[in-house]
Each structure stands twice: as structure tokens, then as C-alpha cells.
Amino acid sequence: MTGAALHTLLSHWRRHPLQLFTLLAGLALATALWSAVQAINAQARASYAQAAAQIGANAMDRLEPADGAMIPLDTYVALRRAGWLVTPVLEGRARLGGEKLTVIGVDPVTHPSLPALDDAAGALSPADLIGPPGRVFARPDTARRIAGLPGMPPVIASDEVPPGAVLTDIAVAERLLGQRGQLSRLLLLPDQPRGLRRLAEIAPELERVAPTARSEIARLTDSFHLNLTAFGLLSFAVGLFIVHGTVGLAFEQRRQMFRTLRALGLPMRRLIAVTLAEIAGAALLAGLAGLALGYLVAAALLPDVAATLRGLYGAPVDGGLSLRPAWVLSGLGMAFVGAFIAGGQALWRLRSLPILAAPGARTWAVGAARNARLQATVGAALILAGWLVLALAGGLIAGFVFLAGLLLGSALLLPAALGLVVGGAERLARGPVTEWVWADMRAQLPGLSLALMALLLALAANIGVGTMVKSFRLTFTGWLDQRLVSELYVTARDDAQGAEIAAWLAPRVDAVLPIRSVERRISGMPVFVYGIIDHPTYRAHWPLLQADPDAWDRVARGEAVLVSEQFARRTGRWTGATVALAPDWRLPVAGVYSDYGNPTGQMILSLPALLAHVGAVPNRRFGIRIAPDRVPGLAEALRRRFDLPEDAIVDQAEIKARSLAIFDKTFFITGALNALTLGVAGFAILTSLLTLWSRRLPQLAPVWALGLTRARLMRLEVARSAALAGLTAVVALPLGLVLAWALLAIINVEAFGWRLPMHLFPIDWLRLAVLALVAASVAAVISARRLVRASPSTLLAVFSNER
Amino acid sequence: MNVEHGRHVVRGRCPRRLRRLPRSIFRKMKELVAVAAGIIWLTGLVALMGHGDMAVRAQGFAGLGTRADGFAQARAGVRPVFPRDHGAHPDFRIEWWYLTANLKDAEGRDFGVQWTLFRLALRPGEADGWQSPQLWMGHAAVTSADTHRFAERRARGGIGQAGVRLDPFTAWIDNWVMTGADDLSRLRLAARGRDWSYNLELRADGPIVLHGDAGYSVKSPDGQASHYYSQPHYRASGRLVLSGRDIQVSGDGWLDREWSSQPLSADQEGWDWFSLRFDSGEKLMAFRLRGDGGDFTAATWIDPTGEATALPEGSFRAEPLTPAKQGGHRTPVRWKIRLPDRGLDAVVEALNPHAWMRTSVPYWEGPVRVNGTHTGVGYLEMTGYD
């Protein structure tokens, strides 16, 4: 009996292959986008974990200064002399071969385990490793890029080193970073001797931090991954709308079949079990297909995501994707969850199906109208709840909760809103055909509402994210123009050559602006401290967000600093606050400037003041002010005079182009997911119209019988579909703008640390609206063409089949 | 890096063998060498420093036996100058400050204590901070008849974590310290491991002894040599913490100082070294270097007044009796020693046969008893049996 029941149920799909395709494709698409995002996240997190494991940060407690400063070497020695078994790590960012890399310096004599060094141990003597010149370990791709650079020790390729980093002896690291006598952190070895003086007595400024599975970089990039996850969930939700519609329809069409099976003696429990098995089978099939698709999408996107993470956060992520059980399971799980969410409502109705009640053709629509009121109430409640969370809690998660409530709530409100509009139009309509058109549209609404909700979400997301990215790009371009004022930028091989170049340039150009910085941890945040000379260029062009009136004078006198917006937001130190650059060196903040696209904090102060407090500040990069027409000649002369490599001299246009390229790469993933979501929504409309077709025929046949031609009916079909899409687009616009505002004013600030002005792009909206109309029209044409092709006998058969 | 007794089995040669195995096996076995892993690449280096008075694995470190790479060389006729030469000689490749003591508690139970600081130069000379080419390693141990505890410490030079300075004389690594008068007449000695520690006061009641030819000690027929002197006349007293007990002890101590740049001949694979204190008040330092071309022995006889006599090569004879099998090592912990010149014919026996120093490179080092024509106590070090 079970077999027969299953066979009967499945026969439905044989007769409706398109429905089956829609079901599987919808579920597969939803799973694909979700699992692609998960795969990317899993890969990135695995890279962070590897980076942490490489330097033992995952296994050992560490000591860090509570105020985020550097640790003096003397503190390390004092701890050692007190008997504590600690090992030092010096970490910093250095530009090696035009690329910013993390230099990790360790002391192999006291460090317990370094896989990269172990692998190379056989071929190297200790003198080779400690140098000079020493050895540098890097991943094979990094090794190729940095090998043979001037001042670079021999490079050894090792897969054990995290991407974007080089591992080396601490003495070599000091030379590469231009830092002496300072440490980033200390690792506490296991098995400390008993009876030592307490750590807090010897080094009260150090904080003992237990090892966490999550590295600092993982925490830093949390917001980015949360962003991706939110996008994945949105795509998943859009996909689910398709599945929900299809499953609902398939159950509706099989009521007759269910009743017959029950009448033949199939117990309800068995029927439900068989139905569940059917849904599970579909979920498994679609889940596997979705995983395969998701893998492809992830593999295609990962290199750019990796570039984004490197560019934005300096996070080391490998460009290659590996299959991980975690996301395979999560993808399949999501397919099952989605299928059962989509089928749940139908199953519930099946449970209470009376064996003998006749199916009312209109009951569905009536029920739907009641549903629409309920949905609207729930929708309004969701929006309110999201707003309350944002108002009360704040923060990134609250921002996303607000967005989720807003989007889902608006989608649920959509049928009611459309119903009102169409109902109003119906009342205004004159003439039987017009009245019928509006009434029919209202009757069609419940069937199409899910597809329209998907369209609403996709359109709103596109408008919102598009507005955010474009506003950002506009602001960023303007900011680049302001910030990059030097006509030429030159990088010397080392400090000595830097001094030579500066001296050579001085009489030949309008101004030489040294770009000199040191990396510090200030208030718990990595910060690049730039020393600048007092030059009108800065006063005229530096993009200040807020400042004291005499800010530049005070900076020039070495009495104040300017800090970047990221630093101000993350540490809460705005104009008027004080920052501690060193334990004995505190300066007030005279102003805050914007510094988009920078993962670390930044501050600028007077170069003489910086040099007075910090011994070794690399002196290798310069901005040159010169008449634009003299740039090519000077660049050539510089190259010849100092034998500089091609990329050591870059003009302003090139740097801008590079910066914009990095920017565009950063938002590549956003754009790609956006397009995919819109595609899914278009597909949802098409499938909804196609699956509704079987029900349309009995509704259209009487109208045809009353004298409307098939061609006119088809035109009316297309117009109706386009009108609904158009109405949805109109609702989507304000929703999208609210979304954009939330992204710019809440999510960006929390995730990246900068707030952006919002710009409007009406042309984009128009394009999107046209796209929505076209998608709806095409979908309507594809399904309505059957009407034109339908022979009169088919239409007549509708009446003979009527029960 | 820290190796504690009984917690990790670490063999000096093991990592080298592992490297020839497939990578996957290497990874699995990494667990076994977890604590030693960091030093794998240092194996060659540690081989130099790994032994009390002589590098065992000179063969594995070809540069040592043949070239000196700008390092200063031990030279005959250069007499040590004190207190200057109690300090470090950064132009020589290797150097050590090596103190052992035989002690007794109130109930007459025997204990031994070892405190050693090795210096190794990657290049001659010194530099500031991490750029320093000097490396330091400390070994310390406490031994009783049934317990042996030891630990290792390592440090870079130039930063102050380890070193030796004068005025007042101080040799240190981490919180292990040997400090006192610049003439080494008084010393305070301290070391601490995971669950043991000691604090000793030492007072010399005799003169410093120069070995070989006025401190120029030849180590092979090929002429390898070192500068070598001792202060064998310490009276020691202090406290040990061992097995959770605080123990008052007193006895005798012996300090060895040696530096060199080319201490071993390429074919010499191991070394047995004795420092013995007889009840008659006489003392003996003797060593046997085991090489392919036969053994090379040398000895210094010290009479009760502290007058030292270098005995000619070959006059000291040592013959292993009972090998103690331990974790695959066959180590002779009983010896027949003879010195016909002085009428010495005795058996040297370990107080605790299990006194292995399972440090970066393992060796045997522990207190011994002497019975025969002469009776007494002392220390024995055996290398190259791993």
C-alpha cells in the first residue's frame, strides 16, 4: 500500500515535470547561494586558524599590554630573569616588493614549535637562520614575489606559513620592520616552574590572555563574514519563496489524489509519512545539486573575496577552495530545513483534510485574503520589532536584525498593499472588461504574491546595496582626489637611498613630502602613526571631518594629533580627547579625518615630534609636488639617477587607478550576489506564472467564451503581470532607500568604522524598474503564449471537465 | 624551550632520522617530539653545546673539526689571566661554566647537584640586542639515589636574558644564577625546575687548578685543544627542594671552566669524564675520549695542598664494567679506573644509574662513589652512548 501510495503521489510530478523542475531548481538555487557563502566563510576562517596555529597563538596563553602598546624588550628579559618561561613575538606590517605583508618574528631558541622551520631544518644551520642575513619563510607564491628583493634575506618556500605573511627570526624581523628593542606579545610556554613571583608584580602593564580558537584577525573580519552570511540568508529566503509556492501548488492540485488514497484505506499517518519522504527526497536531490553549484560559485568568487579580505583587513586568506565537511553538512541541512519550511504549511493542511469535503475552487482565494490580513499584521509587527531592537540594542547584529525585520515585514505587507491598490482600481474601473481585468488581477494576487515578494526583496536589496556601493565609490573617489595631491610618489630601496633621493629632489621640485610612519598599538587598535612636515598641501587638501580651528598649527608645533575616523569611532576618541602614543607621551586630538578602505587606524602628527620619541622611522617614501607637465621627465630622471625599479615611482593617476581597482574588487562579491539574487527573483516570477497556468485556463475559458479573442486575452495577461511587477517596483524603491540608509549609517559604521554620505541614483532605479517589468512581461508572454496556441476545443473542454 | 625530566622522551638524533621518513609519518610522530620540535633545527648547534666538557657529535658538525671561521684559537703558552678569564670569551666558538657538587643531608643520604651554562657563538664577537651572534644554554639537575630531576634553559645573547659578567662575577640564564667574588672564592648557586630547586653557598678552601700545560688542554693526537681550568676545592652548603621536601645539605663542589673553538677531532664520538675527590684529600680530573683511532686519555692529579700535576697521555686507564641498560642506551655506570703512577686502582659506581640528562642532546651525568685503593665521591659524565 505504501509503495502504491508513493507511486501515486510521484505520478503527479511525472505529469507536471515543469513543477518538479521548479521545485528542485528553487531549492537547489537557494542551497547553492547559501552554501557558496558558507564555503567562502569556512575557507577564510580555516586560513585564520592556520595563521594562528603557525605561531602557536592557538595553544599558549599570551601576554599583551592592556593599552595595546608595544612591549619593551626589557620587560621580556625581566620576566625571564624571574623564571617565567615566555617566548617573544614581534609582528608588524611591512611593504615588501610593493605588497604589504605581515612580518612575524620569533625567537627560535625559546619558541617551542615552528612547523615551517622544522621542515627546513635539515638544510639550514642556526647561523643561516639567525643571520645576518638570516632566512625568511613564506608561502610559495609569496616567496616567488619577494625573493631577490633588495635587502631581503634568502627566502624559503613553506606551506606552513600563513598567506600574506613571512615568518623569520626576530633579529631579521627587526631589520625588515625597522624596529628595535620592542615586542608585540609574549607567549607563555606550558609547564611553568612553581613558586615564581606573580606576573602582575613583575609586569603589571601586561594582560594574560587565554588562547582562543579565534584569532584577532577572525574577530576583525567577523563583520565582513556576517555581511556575507546575511546576503546568503537573503538569497536563501528568495529561493524559498519559489519552493514554497511550488510545494503549496502541488499539494493543492493533489487534494483529489489525497482524498482518493484516504478513501481507499491509506491511514493518515502513512500518508503523511509518504509525503514527508517525498519532500526529503526532493531536499536531498536539490541539496546535492545546490552544493555542487555552490561549490562552483564559491570557487569562482573566492579569489576576489580573498583579495578583499587582504585589502580591507590584511587578513590572510588562501585563494584555493577545499571541500569542508562543515559547509557540506550545513548546505544539505539548509536544503532540508528549507524544504520542510516550504512544505510545512501544506502538510499541516493535509493533516486536517476532511476525506469527503469537496474542494472549493474559490476557498483557496478566500483563505488567501484572510491570510493576507494576517500576513500584513505579522509583517508590521516584524518591522516594529526590528526597529525596537535597533533603537534599544544598537550595534552590528542589531543593524542586521533591523534589516531582516524590515525586509521580511515589508515582503509580508506586500500582498495586502497590492490588494488595496488593485481593489481601489477595481472600484474606479468602468466597463465590464476593465472591471473583470482588475477583479481577475485581485483573484490572481494570492497565487503570485510569493513571487512578487521575492521580486520585492531582490529589487529592494539591489537598490539598497547599489546605492550603498555607489555612494561609497563616489565618496571614495572624491576623497582620493583630495587626499592624493602629490603628483609623484617614490619609494627608495632603503633609508640611506631615501635620504639621497630627498636631497637630490629638494632643489628640483616644489616640495618633497616625506611619507614616514611607524606601526603602534594604541588603545588596543593597530595604528599607523605618520609624521608629516608643515606644508600648505596638507592644510589645503587633507579631508577633515571635524577639527579645532587651529588644528594644523597645533599639529605643526607637535602639540596635537589628527586621527582617522576609524580610530575615533573604535576607540571613542574624537576631537578634544587625548591619546597615549607611548606610556610617557600623550597628545590631544585636534581633528578627525576620513580614511576610507583602511583596516587599521591612522594618525598624523609633526614629523620632528615623532622622530624625537621614536628612534627608527623608515624614511623611504616620498610624495613630490611638481608641475604636472614635468612629471614624466622627473620620473625618468629619478629612475636613471638612482636605478629604481619600475614600480618604485608611481604617479598620482596610477595610484588612484590602483586604489579604485582595489575598491571595485572589494565590492565585487556584493555585486555578484546582488545579480544572483535578482536572477533568482526573475526565475520565481516565471515559475509562479507557469505553475499557475493550469489554474488560469478554467478562469480564462469563460471570458473567451464571452467573446474576448485569445490575442487580446494574452495582451491583458502580459499587461496584468507587468502592472503587478511595476507596483512591486514602486513599493521596492522606498524600501531599498531605507535599506541603503541602514547600510551606510549603521552597518558600515559598525563593520568598517566609517560613515558615508548617501547619494541617490535615479537612473539605476529606472533601470531596475524596467528590468522588473521586462522580467514579468517575458514570464507572462512565455506562459500566455499557450493561450494563443490553445485550440478552441481545449478551452471548451474546460466546461465539460467542470465538476 | 624547556625539557623536564620524565615528561618527554627526547633523543638528540631522533629528529634527524625522522626527517628522512615520509612527511605524514613525521607529522604523526611530531607528538612525540613536541617539546623538542623547536630545537630540531638547532640540533647541529646543540650537538656542540650538548655535552659537559666536550661536544659529542662533532662529526655531525663538520665545520667544527676543520674550520674556525674567524674564531680565536686555543694556543699553548697562553696562561689564563684572572679575573678576566672567568668572564666570557665571545671570540671563541664554545665555552662553559660547569659546577657539580656531592652533598649529604643530616641523615647521611647522598645527593648530587649540577649547574651548567654553555655559550655558543654563531660568529665571533658580540652585537647589541637580537642581532647578537651569541647563544646560551643552561642545564641543571638534582640527583639522589632514587630520583633525578633536570631542566634546560635557552637564550639569545645581547638582550640580557643570559650571560656572564664580572664585578661581581655573575653567570646567569633566566633565574638560574651563579654569582659571587671575582676570584671565585665564594659563590652562590641557584636553579629551579618545574617541581624542584636548589640554593647553595660555596666557599673555596684551595687554589684554582690549571689543567694540561698551564691551562692549555690537548684533546686529541691531532692537536685539538681547549683552555681549561678548575676550582675543585669548594665547601658547599644549602638547601634542595626535591620530591616536595625541603632538605638541608652540605658537601663539596667542583667548578670547571673551558673554552675553545675546535675542541674535538672529527673521529671522536664520545667522552667519559671523571672528577673525583678522595678521602685522602687528593683529587683527580680524568677523561677518556673515544675515537676511531683508539682512546685518548688525560688526567690531572691534585694533592691535598692544591698542587696540580698534569699526567701524560695514556697514563690514566678506564674500563667499563656493568652496562646499565636504559631506554635503549647501554651506559656503563660502573668503571674500573687505574692510574699506576699514583697507585690508584678503584671501582667507580653511579649513585643513581638513571641519571640521564634528557636535554636537547641527551647524556649521562651524575654523582659517583669510589672504592678500592682510594675511596671517595665525585661526578661522572658520559656522552655518545645515546
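Glycine is no exception: its Cβ is also placed from the backbone N, Cα and C atoms.
Lifted from TrEMBL, the feature list:
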TRANSMEM  A:228-251  transmembrane segment
DOMAIN    A:230-354  domain 'ABC3 transporter permease C-terminal'
TRANSMEM  A:271-302  transmembrane segment
TRANSMEM  A:326-348  transmembrane segment
TRANSMEM  A:378-400  transmembrane segment
TRANSMEM  A:406-425  transmembrane segment
TRANSMEM  A:445-465  transmembrane segment
TRANSMEM  A:667-693  transmembrane segment
DOMAIN    A:674-792  domain 'ABC3 transporter permease C-terminal'
TRANSMEM  A:722-745  transmembrane segment
TRANSMEM  A:765-784  transmembrane segment
Stretch-level contact, the transmembrane segment (A:445-465) and the transmembrane segment (A:765-784), CB cutoff 8 A, at least 3 pairs: yes
Intrachain neighbours beyond the transmembrane segment (A:406-425), with Cβ under 8 angstroms and 6 or more residues off its ends: 234, 237, 369, 372-373, 375-376, 378-384, 386-387, 438, 441-442, 445-446, 449, 452-453, 456-457, 460-461, 724, 727-728, 731, 735, 738-739, 742
Tertiary contacts of the transmembrane segment (A:326-348), as residues 6+ beyond its ends and Cβ separation under 8 Å: 27-28, 30-31, 34-35, 38-39, 41-42, 236, 239-240, 243-244, 246-248, 250-252, 272, 275-276, 279-280, 282-284, 286-288, 290-291, 294
Mean of the pLDDT scores, which run from 0 to 100, over the domain 'ABC3 transporter permease C-terminal' (A:230-354): 77
